[in-house]
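What follows is a single structure, written as structure tokens, with notes after it.
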Amino acid sequence: MLFSRFVLLAFGSVAAVSASSIYARGRGGSSTDQPVANPYNTKEISLAAGLVQQTYCDSTENGLKIGDSELLYTMGEGYARQRVNIYHSPSLGIAVAIEGTNLFSLNSDLHDAKFWQEDPNERYIQYYPKGTKLMHGFQQAYNDLMDDIFTAVKKYKKEKNEKRVTVIGHSLGAAMGLLCAMDIELRMDGGLYKTYLFGLPRLGNPTFASFVDQKIGDKFHSIINGRDWVPTVPPRALGYQHPSDYVWIYPGNSTSAKLYPGQENVHGILTVAREFNFDDHQGIYFHTQIGAVMGECPAQVGAH
């Protein structure tokens, strides 16, 4: 029922957008480069997966240990606003982990369904190239938390004498995380250290995707598991485009993975049929489960 509600909301949004013709139809290119061996640090991916899994858990007491990381602060509760955990990690620095869709929250569901494109928020539009467009729902979800995230990150960077900031997200939280990672790179002293994004949906148009490549391409880590369908939405036909490079775990929930270079690589995830369930979206990412509300609480890094 919850999944059906999401699908109906999504298709209703597409119909409304199509009728009003308020989205961009520009379509970016597709990479034809062959995949290469996974160059990413899989231990860091495993840790990042645990840190974002914990955002789905109700245990939010400061001092909680997940992997090498200590939970410092939590904002949002997953209903009116997505939950965001702030950690300190010897591996990742100050780590910002953002929860994905809470299917028990209509507000959270609606963020996924608002497919139309809009300009970047007035707070950061000056940093983006002309013509940049972002999905309304994902940007709205991030803007609800933007000021609190910046305040907390600045506070804990100072308290922990830490220069590194890593942003992590899953699903809706991955889209929010990409926008947050760009915002930190563009507007915060010291910029971004890394970002790890799991099951990332498309966030913006080709202008945005290419600007991500330009600004944080060497810090950007997108991980897709198996036949996960979430990274295939919103559709490219609506003017959306992924930034370059993703690691594809295939078969799903295994440790077999390759990097697919460039934007929208033709040899990757679209070569296999999608499965419209959450078995791979909420799966095992290099020995750590991201199971959302049905996952392990507290999160267990490297337990699989």
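Positions of Cβ are set from backbone N, Cα and C atoms, glycine also.
The signal peptide annotation in Swiss-Prot covers 1-19 and is backed by sequence analysis.
According to Swiss-Prot, the feature O-linked glycosylation site maps to Thr32. Thr32 (O-linked glycosylation site) falls within neither a helix nor a strand when secondary structure is assigned with DSSP, and so counts as coil.
When other Cβ atoms within 10 Å of the Cβ of Cys57 (disulfide bond) are tallied across all protein chains shown, the result is 20. Positions annotated as disulfide bond by Swiss-Prot, on the basis of experimental evidence: Cys57-Cys297.
Feature annotation from Swiss-Prot assigns active site, nucleophile to Ser171; the stated evidence is experimental evidence. Of all Cβ atoms in the shown protein chains, 28 besides its own fall within 10 Å of the Cβ of Ser171 (active site, nucleophile).
Cβ neighbours of Asp228 (active site) (same chain, under 8 Å, six or more residues apart in sequence): Gly199, Gly252, Ile269, Arg274, Asp280, His281, Gly283. Asp228 (active site) falls within neither a helix nor a strand when secondary structure is assigned with DSSP, and so counts as coil. Residues or ranges marked as active site by Swiss-Prot on the basis of experimental evidence: Asp228 (among others).
Annotation source Swiss-Prot lists N-linked glycosylation site at Asn253. In three-state terms derived from DSSP, Asn253 (N-linked glycosylation site) belongs to neither a helical nor a strand segment and is classed as coil.
Among the features that Swiss-Prot reports, active site is placed at His281 (among others), with the record citing experimental evidence.
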Spatially closest candidate among Thr32, Cys57, Ser171, Cys297, the listed recorded positions, to Asn253 (N-linked glycosylation site) (Cα to Cα): Ser171
Least Cβ-crowded entry, counting other Cβ within 10 Å, from the glycosylation sites listed as Thr32, Asn253: Thr32
Nearest of the recorded positions (Cys57, Ser171, Cys297) to Thr32 (O-linked glycosylation site) - Cα to Cα: Ser171
